[in-house]
Amino acid sequence: MAADNRYEEEEEVRTDDGSPITKPRPIVRLGIFLVAHSPVFSVVFSAAGVLALLLLPLLAKNTYISENALMPGSARSMLSNRDASDGSKLVKDIKNFRLNHEGQGVEVQRLIGKYMSEMVAEVYYQKFQPEGNQFHPLHFFSGPASYTLLGNVSCASYGVNVVGIIRAPRGDGKESIVLVTPYDFINGGDYEDLSLGIVSSLFSLLSRVTWLSKDIIWLVADSRYGDYRPVAAWLAEYHTPSFKVSDLLKCDELNTADNFRRAGTVAAALILKVDGRSERFEDILSIYADASNGQMPNLDLINVVNYLAVHRQGFHVKVEKVVSLLSSSWLKIVGEIFEAVGKVANTLNPDWKFGIPAAEYIEGSATLASSLYSQALGIPTGPHGAFRDYQVDAITLKISPGFPPDSKARQHDFFLRGSQLLEGTIRSVNNLLEKFHQSFFLYVLTSPSKFISVGVYMIAFALLVASLPMVAASLYVDGCKALTKSTHNSAENFKSWKWLDAAKQVFALHLLGFIVTLLPYFICQVPGQHSPRNRSIMWGTTSSLLLVTFVTIPGCSPFSSRLHGTNWAILKSVTISAAFIGLCLMSIINFATAEIGALLLVPTCLLAQPIKPALRSRRVKSLLGAFCSMVLVTIGFPVIFFAITKGLVGEGLVGLSLGGEFWTWLESLWAWKSATYLYIGMVHLPCWLLCVCILFHPS
């Protein structure tokens, strides 16, 4: 009987001529099912991606110390009142000197160097030139040591860094920890003096301790040209020494020639700034960690500082937020919904820890939005970004004291607490036998003590882009069927290379995007002084002329698709494929840029369709789809989205000033070599133009 059943099954899987028919694998059948129902699944996946993004604040975990060797707070602080008094003495001497010798920056540098020498530190001075801000395409992917220096720099315009090194009594000179205090030697303020006082108090202690196994470098960075440039110049000389004779030697007032000293490999760096008075009555510590192109330091470094600041020194720790979201009504509604769902889930099962209070959700969302925005820009939020270019973990600590800078009673206690915070952090890093590696490097913060790891936040992006390949395959099949009806040869059409016409048109517009990306270099070469608004007008005019030229080239214009036998469905299929590839590549470089880009580009590509058939049919559904497509295309234009973003943060821009602000924003992107600039010009803009071509396709 069993033999008969097997014989019947074999008969069922054979054709008339006896050849066997192979059944497709389950994964193939699943793919065919998804492609056949792509409209439904595209809506489901897109909605799930947005929902997953809204759920991220609820899925945030509490931070924890992954590396056991760090042991923050395990040792008692050795900082004494004498050390704090040394810091207060330095601040007092600098203030008195500035009152009697206004504008004498060199003397202030000598004074700081003198204090370092009295603490048995090796002192030297490093000179650097201000950096230019000119866009050059060949330097975009160059290393961190390549800088554009301004020509004809006078002796009065160079910067001078003061550096002191304490050699570790228990070390072999192979590792070091860097402390940075940006300071304007010419126009330094009272709050900048406080940052020198804190680090000077700590430096006084570290010069006497016996437990140090890593050298300590104190860099007083000349911040006349910004906080980033002096640190980057010092790091460039530290890692890649230059042996050519500098023109700055003729301005050698501090004897800086051939005395650059080095310590070991930098294990970690802490940048300290005291910036203005706190709005509260308590001292506030702000942590800045975002480096170039979304790079972040190891999470353990932030966790150590946060733990010591909160549980040992009593600072109120915060990270940046999008303030406008704190008063958002729609975000409050979403938070209340999630809070209610969490309460219901808790009644069903007390072990389900799902919901959080609505106020905490709003705070987490505002912090998450700020973290995503900062990482997407790809611009460092402080001088710590210069260290990350050399794969050194670094953060910027900005302290806002709750008292005026001339308050002597509070200043001594402030120096003690600030120095003890840095001492505890240095003790933890000093315990490490290797680089930070245990905790996360890919994460976003929702508060100083909560984070979202890469395995969680990638889910939202994956759901958003999951529908793109399905819709692309479905459109290709529909396009081939449309060609079949016109040629009555289905086998030939499915095996033909008709999609190459659409691919050629997509490639042409991506080539146009590449050229538009390079245009700022040539615009910057135009002689004369031009305002950002005028440069943005030149850029827009030239780009428009190039677009008209590309459209008139036979075979390159998407508007000529009908003449070449390619319908809009195949063009849209190739466009979606290009957008999918671009977004996936960008997610490897900078996830935040890919996430924001997917929120804009995915619905625009999915809903793009010719509006002529919708206008001819006059059906409500078709007209509504055409209207949504037009709205998404309008919002997706980079300049319009930039204006909307500015409006959300309370900076309204209208008229020609928008173009000038947009140019200035792009200048900042290419100056910091942000990959977001390449994404806008070579992925987003071409796909946006293709969606516009699909909207006005002559079908």
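Glycine residues also receive a Cβ, built from the backbone N, Cα and C atoms like all the rest.
Keep in mind that what you see is a predicted model, and the values were worked out from it rather than measured.
Residues annotated as region 'Disordered' in TrEMBL: 1-20.
Here TrEMBL flags 30-56 (among others) as transmembrane segment. Panel annotation: around the transmembrane segment (30-56), residues 24, 334, 338, 365, 368, 444, 446, 452, 456-457, 459-467, 470-471, 473-474, 477, 595, 598-599, 602-603, 606 of the same chain, lying at least six beyond its termini, place a Cβ under 8 Å from a Cβ of the stretch.
Residues or ranges marked as transmembrane segment by TrEMBL: 454-477 (among others).
Look at TrEMBL and you will find 506-524 (among others) tagged as transmembrane segment.
Among the features that TrEMBL reports, transmembrane segment is placed at 536-554 (among others).
Within its own chain, the transmembrane segment (574-602) is flanked in space by residues 46, 49-50, 53, 293-294, 371-376, 378, 442, 444, 454, 457-458, 460-461, 464-465, 467-469, 471-472, 475, 499, 502-503, 505-506, 510, 608, 635-636, 641, 675-676, 679, 682-684, 686-688, 690-691, 694, which lie at least six positions past its ends and keep a Cβ under 8 Å from the stretch. Taken from TrEMBL, the feature transmembrane segment applies to 574-602 (among others).
According to TrEMBL, the transmembrane segment annotation covers 623-644 (among others).
The transmembrane segment annotation in TrEMBL covers 676-696 (among others). Away from its own ends, the transmembrane segment (676-696) comes close to residues 140, 293, 376-378, 505-506, 509-510, 512-514, 516-517, 547, 558-559, 568, 571-572, 575, 578-579, 582-583, 586, 590, 593-594, 597, 600-601, 604-605, 608-612, 629-630, 633, 636-638, 666, 669-670 of its chain (Cβ-Cβ under 8 Å, at least six residues beyond either end).
Outside the transmembrane segment (454-477), and at least 6 residues removed from its termini, the chain residues within Cβ reach (under 8 Å) are 34-36, 38-39, 41-42, 45-46, 48-50, 52-53, 56, 59, 440, 442-444, 499, 569-570, 572-574, 576-577, 579-580, 583-584, 587, 591, 594-595, 598-599, 602, 605-606. Long-range neighbours of the transmembrane segment (623-644) within the same chain, counting only residues 6 or more positions beyond its ends whose Cβ lies under 8 Å from a Cβ of the stretch, are 600-601, 603-604, 607-609, 611, 614-615, 653, 658-659, 661-662, 665, 680, 684-685, 688, 691-692, 695.
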